[in-house]
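Notes follow the structure.
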Amino acid sequence: MAIQKKHGKGRLDKWYKLAKEKGYRARAAFKLIQLNKKYGFLEKSKVLLDLCAAPGSWCQVAAEVMPVSSLIVGVDLAPIKPIPKVITFQSDITTEKCRATIRQHLKTWKADTVLHDGAPNVGTAWVQDSFNQAELTLQAMKLATEFLVEGGTFVTKVFRSKDYNSMLWVFNQLFKKVEATKPPSSRNVSAEIFVVCRGFKAPKRIDPKFLDPRAVFAELADPTPNNEAKVYKPEIKKRKRDGYEEGDYTQYKELPAYEFIQSTDPIAILGSTNRLSLEQSKNGDVALAVLEKLPETTDEIRTCCADLKVLGRKEFKLLLKWRLAVREKLGFPTKKSVKKEEEAAAAVAAAEEVAKIESMDEEMRIQHELEKLKERNSTKKKRERRKENERKQKDIVRMQMHMVAPMDIGVEQAGPEGEDAMFALRAVEKGDVMRRLAKGKMVVASEADAKKDRDSGIGSSGETDDESDEELDRLETELDDMYDQFRERKAASDAKYRAKKARQARNGDGDEEWEGVSDNEKADEISDDSELEEESSGDSDDEDDTAPRKSLLTDLDTTPSDNSGLSKRARAFFNQDIFKELDGDMDEPMDEELRAALAGEDEDADMEDTVSKADSKKTKEKTADKKAAKKAKKAAQKAQQVKDDDSDDESDGGFEVVKSGKEDDWEDEDKRTKDGRLDIDIITAEAMTLAHQLATGQKSSHDVIDDGFNKHAFKDREGLPEWFLDDETKHDKPQKPITKAAAAAIKEKMRAFNARPIKKVREAKGRKKMKAAQRLEKLKKKSDLLVNEEGMTEKEKAESIAKLLRKATKKKPKQAVKVVVAKGANRGIKGRPQGIKGRYKIVDPRMKKEMRALKRVAQKAKKRR
């Protein structure tokens with residue numbers, strides 16, 4: 001009998017003929033060739049595993065393209081004729097025997113690429129065939145996960161079906177890149193596509209459900225329809241075109257109205273039904289006749305029941321109310337009736353419980369009450385704990401949103417000076433309360449006296465009008481600080497502003513960061529729980545006034561204070577070992593002017609320390625310490641001078657102590673140049689205009705001083721908020737005239753300033769000069785060695801030195817740009833191509849055509865000229 005060939009349309013196409021010409025066993029060989037041309041995975045593979053390889057065309061392509069001495073293993077259920085450089089055997093890939101045979105051939109190797117082009121026996125129902133194909137692909141995937149190396153490639157054939165997305169999800173979990181493609185040699189009428197999975201993740205453990213067809217291809221249950229959204233929000237309802245329901249191809253549902261009345265889920269009926277029928281057929285149901293005759297069934301209800309799909313929220317509510325009214329009239333259970341029944345049942349149960357409790361003995365009753373009290377107490381504690389946690393959470397959120405200062409949360413916590421503190425000792429000592437407490441004769445004030453105190457300006461918590469004013473001042477200060485923080489955050493995105501702040505930080509004149517509310521400010525708040533009155537006589541008052549005042553706060557610094565006039569910081573400085581030798585001399589009588597100078601300097605240091613606490617504690621304290629140390633050192637030097645000059649004379653005469661000038665003089669000295677002139681740079685057109693006028697004699701220094709006295713010079717800015725001052729600074733400022741020559745000079749100055757090279761360029765030039773100097777130094781050392789070499793003639797020495805000079809001055813050849821054509825393995829590549837070092841440029845035919853077109857256009861434009 002003659003062999004029958006398939007002569008269907010598209011079977012004997014050009015790929016079939018090319019396969020015959022080139023000696024491939026099947027036209028499927030060109031599918032692998034085209035896939036490799038696009039992704040280039042065969043050239044990089046040393047070990048390849050081909051599953052379902054019969055008749056062997058993919059193994060033939062792999063043997064041709066892969067490097068020499070590569071290991072290629074092919075397996076199929078059908079026999080495969082021998083192929084050069086390929087190991088083939090016959091087995092079922094779903095069995096353990098096949099897995100053991102593959103492991104025997106690969107030994108310790110791992111496969112770089114796993115191919116799968118298999119298909120099961122088909123011919124039954126299409127749904128079953130597609131599932132069998134997906135199951136076979138999953139089995140191949142299971143085999144690939146065992147033998148594939150990390151970063152390997154898996155290429156498989158997949159038939160598009162409802163299980164395709166589930167399989168693609170599994171691929172994405174195990175591989176870094178997953179792409180689905182259809183090569184040109186694949187027939188268009190075929191549902192097959194090829195999935196190329198690259199970059200195997202090689203997890204240490206894989207969940208068996210990933211490779212179990214029952215778990216991967218399990219059908220998910222349909223979600224419960226949201227009928228409430230259809231009823232209460234019909235305007236935002238979106239239609240999902242999922243096809244028709246099984247057996248319902250008209251998509252039209254009609255139900256009798258009495259089913260809607262009797263249903264326990266009326267919303268589901270309203271969301272899924274098109275019409276509620278009130279029409280009664282001959283010999284029909286009596287319930288519909290009753291509904292029709294009820295007074296609640298109005299014409300509007302009949303109209304709404306005619307078409308439910310066009311109703312809105314209001315009409316649906318009307319139908320639900322109509323249903324409740326009808327159910328109540330017909331005697332059906334409603335929410336009200338059910339609630340009444342539950343209340344009655346609860347009352348009966350409570351009565352029975354009361355009867356049972358009364359029968360208990362006394363001990364049981366007491367125990368029951370104790371348990372109730374414990375339960376109530378634990379409930380109360382839980383509630384308080386929850387409120388406290390909520391308050392803390394709100395504080396943290398406020399701090400994260402920059403609504404409060406970070407120190408606010410710390411101040412609010414329980415502590416010696418916080419809100420939850422039991423005693424405010426500083427406040428007690430500060431006021432007149434401590435003197436009254438020392439007497440011990442106090443009683444609780446009456447309500448009438450408390451009312452008098454409130455009328456006189458003292459609140460229930462002992463807070464007077466002055467304290468309320470202090471509270472307002474504190475709130476204003478906090479508001480100004482919050483405004484400063486807001487301005488900082490708003491201007492932080494401006495590059496000029498950041499540069500300005502950096503300059504200020506380098507110069508040391510930047511604003512310090514606000515560190516929150518001080519504890520000393522919180523100590524002024526007094527909260528008394530009861531009002532006290534004194535019962536002592538006037539005589540005792542007089543006696544107590546003369547008594548020394550006692551303090552509740554103990555100073556931890558127990559260092560005895562001396563009457564030398566020195567502050568604590570200065571005294572601690574003079575206690576160092578370097579000044580011990582001066583102790584004997586210091587006991588001698590010192591000049592009164594010198595003592596006054598030292599005392600004045602210490603007072604200045606203390607005053608600076610007090611001011612520094614209001615602004616910024618840390619930075620100012622360091623500055624004050626340095627200044628105090630300098631002044632103390634100068635005072636010690638002066639004292640030593642006095643001792644040297646007048647060692648025999650103990651009188652107060654002989655020299656005059658002159659106090660040092662202001663700090664501004666020192667600052668001016670820092671700003672002066674080496675030749676004594678002030679370091680001033682003119683950077684604005686107004687300053688340049690004034691400089692021209694002073695230089696040309698148009699203005700004198702007295703004129704400049706007179707111009708300084710204007711309406712802007714004596715503005716009272718004390719007490720004004722910061723936001724108001726910012727607005728005034730922007731808009732209310734004097735407009736000084738400028739000349740054209742001054743503007744041109746500033747412009748030329750800025751042009752020269754901008755023409756300077758950037759910092760990177762200057763650094764590069766500096767590095768270049770430094771390297772050249774280093775090479776020259778090495779060259780000098782080598783030339784000195786050659787000159788001192790005795791075994792060489794003068795000519796040889798000169799030639800060697802000239803050779804060194806040529807080698808040192810020789811420039812490195814510029815590396816040429818390598819051109820890489822974007823085709824084959826380099827098509828669509830991202831990053832550096834493999835095997836390319838140095839500079840490169842990727843080109844393609846499209847770019848070549850565009851370059852030719854540009855040259856052609858340029859030549860045409862040149863001819864027109």
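Yeah, the Cβs are placed from backbone N, Cα and C, and that goes for glycine too.
Database features, via Swiss-Prot:
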type	residues	note
ACT_SITE	Lys157	active site, proton acceptor
BINDING	Gly56, Trp58, Asp76, Asp92, Asp117	S-adenosyl-L-methionine binding site
COILED	358-400	coiled coil
COILED	462-492	coiled coil
COILED	762-789	coiled coil
COMPBIAS	386-396	compositional bias 'Basic and acidic residues'
COMPBIAS	463-483	compositional bias 'Acidic residues'
COMPBIAS	484-497	compositional bias 'Basic and acidic residues'
COMPBIAS	526-545	compositional bias 'Acidic residues'
COMPBIAS	556-566	compositional bias 'Polar residues'
COMPBIAS	600-609	compositional bias 'Acidic residues'
COMPBIAS	610-627	compositional bias 'Basic and acidic residues'
COMPBIAS	659-676	compositional bias 'Basic and acidic residues'
REGION	370-396	region 'Disordered'
REGION	443-676	region 'Disordered'
Distance check against Lys157 (active site, proton acceptor) for the binding-site residues Gly56, Trp58, Asp76, Asp92, keeping those with Cα within 10 Å: none
Does anything in the same chain, at least 6 positions from Gly56 (S-adenosyl-L-methionine binding site), have a Cβ under 8 Å from its Cβ, and if so what? Arg25, Gly74, Ile80, Lys81, Ile83, Val86, Thr88
Near Asp92 (S-adenosyl-L-methionine binding site), which residues of its own chain have a C-beta under 8 A away, given they sit six or more steps off in sequence? Leu77, Cys98
For a quick check of packing: other C-beta atoms within 10 Å of the C-beta of Trp58 (S-adenosyl-L-methionine binding site), how many? 29
Per DSSP (three-state), Asp76 (S-adenosyl-L-methionine binding site) is strand
Check Trp58 (S-adenosyl-L-methionine binding site) against DSSP and tell me helix, strand or coil, would you? helix
Who are the long-range neighbours of the coiled coil (762-789) in its own chain, taking Cβ under 8 Å and residues 6 or more past its ends? 797, 800-801, 804-805, 808
In three-state terms from DSSP, label Lys157 (active site, proton acceptor) for me. strand
Which residues does Asp76 (S-adenosyl-L-methionine binding site) neighbour through Cβ under 8 Å, counting only same-chain ones at least six apart? Leu51, Cys52, Ala53, Ala54, Thr88, Gln90, Gly118
For the compositional bias 'Basic and acidic residues' (386-396), how many residues does DSSP put in helix, in strand and in coil? 11 helix, 0 strand, 0 coil
For the coiled coil (358-400), provide the mean pLDDT of the predicted model. 83
Hey, what's the Cβ neighbour count for Asp117 (S-adenosyl-L-methionine binding site) at 10 Å? 22
Could you tell me the maximum Cα-Cα distance in Å between the residues recorded as binding S-adenosyl-L-methionine, namely Gly56, Trp58, Asp76, Asp92, Asp117, rounded to a whole number? 18
Over the span of the compositional bias 'Basic and acidic residues' (484-497), count residues by DSSP class, listing helix, strand and coil in order. 11 helix, 0 strand, 3 coil
